[in-house]
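Under the heading transmembrane segment, Swiss-Prot lists 9-29, 62-82, 102-122, 130-150, 152-172, 187-207, 229-249, 283-303, 316-336, 341-361.
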Amino acid sequence: MREASARAVAWSAAAGVLLVAVLLVSATIGPEPITLRTVAMAALTELAVPVGASVTMHTHAVPVVSGGLPWPALTIAYAAPLQFGVPETAQVIVGTIRLPRIVLGATVGASLAISGAVLQGFFRNPMADPSIVGVSSGAAVGAVAAITLPSVVVIGVQPAAFAGALIAAFTVYAIATKNGHTPTATLLLSGVAVQTLLGAVTSFLVVNSGREIRPAMYWLMGTLHGSRWHDVEAALPVVVVGSAVLLAYAREMNVLLAGEEDAHTLGVDVDRTKRLLLAVASVVTAAAVSFAGAIGFVGLIVPHAVRLVVGPDHRVLLPVSALTGGAFLVAADTVARATATEPPVGIITALIGAPFFLYLLRDREVRAL
């Protein structure tokens, strides 16, 4: 137990250092280059290194196409924040434009990676990812409907995507459940069927979207463009709380790897644990895709690669996957921002992830031979 805890701390610390380094370097890159020192001071000023602080819970109206929907968020009121004398232009660029996008990217990447790690263990299949239970396709239907039919779906893009993701995930679960038992194979096949159906609905909406096809396609490809602090305030609490719950069930996930019968023998309530893991992973993924769109490969490639390095122990795998996923998505978005056309980050993750994943598969096959 102590050895596993020590490994988790060591690997998490290393991944945390990597994440911070990627965040800082990413903030220096853009049309207006800014030095690393200025970025660090601007970040400290924006995040306000405080003498004191108070935290309050409130509801925030998420920006929508039409109408509005209250969304729980946290407000941190700082007392006497320290100032670092950063030029006003640099402070605006870093604090208002780059940092919200970078922090949201890290949040989304972490949520997709930790959900992917959980679902790969859940299905005992390294090819599983958050989209396998219909979360991404459900979010796509909700978001595209809100974009193309704002007079019908009046709650807006992010709330519609979040609701669509959860409805799809729990529909998959309801279809696969019989007499209180949910076979993993049935759940997997139900997810594929629902995902295919929702993909057809999304395609129909896009084909008939007219002038709204561009924003719909951008959302479907995944983008962090235009991210602001209120997006971070809405997404971060959901991801943090959900990730904490998943980490608390790391031991049960380790036991489930041995098989459901062995897990029963060792005192794990298998059906209850599976329901909880699926629900929380779906909520965490929904919070991510509702703000960033359908970004692929993060939840597939990151936990798979991390597992090859740190092993299958979820006490180590989950935190390291989350931190590495955040770093990976921020790095991919930095590449997107550095190009002249600034493509959606989902294109970059696919270009990076697909060849790397094929390499991993080929490498494993060669070793097996």
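FYI, residue positions are counted from 1 along the chain as it appears here.
Using the three backbone atoms N, Cα and C, a Cβ is placed for every residue, glycine included.
Of the candidate ranges 130-150, 152-172, 316-336, 316-336 has the most C-beta pairs within less than 8 angstroms of the transmembrane segment (102-122). Of the Cβ pairs linking the transmembrane segment (187-207) with the transmembrane segment (283-303) and spaced 6 or more residues apart, fewer than 3 are under 8 Å, so the two regions do not touch.
Scored on C-beta pairs under 8 angstroms, the neighbour of the transmembrane segment (130-150) with the top count among 9-29, 229-249, 283-303, 316-336 is 283-303. When each of 152-172, 229-249, 283-303, 316-336 is checked for Cβ pairs under 8 Å to the transmembrane segment (9-29), 316-336 comes out on top. Touching of the transmembrane segment (316-336) and the transmembrane segment (152-172) is ruled out by the presence of fewer than three CB pairs under 8 A, sequence neighbours closer than 6 excluded.
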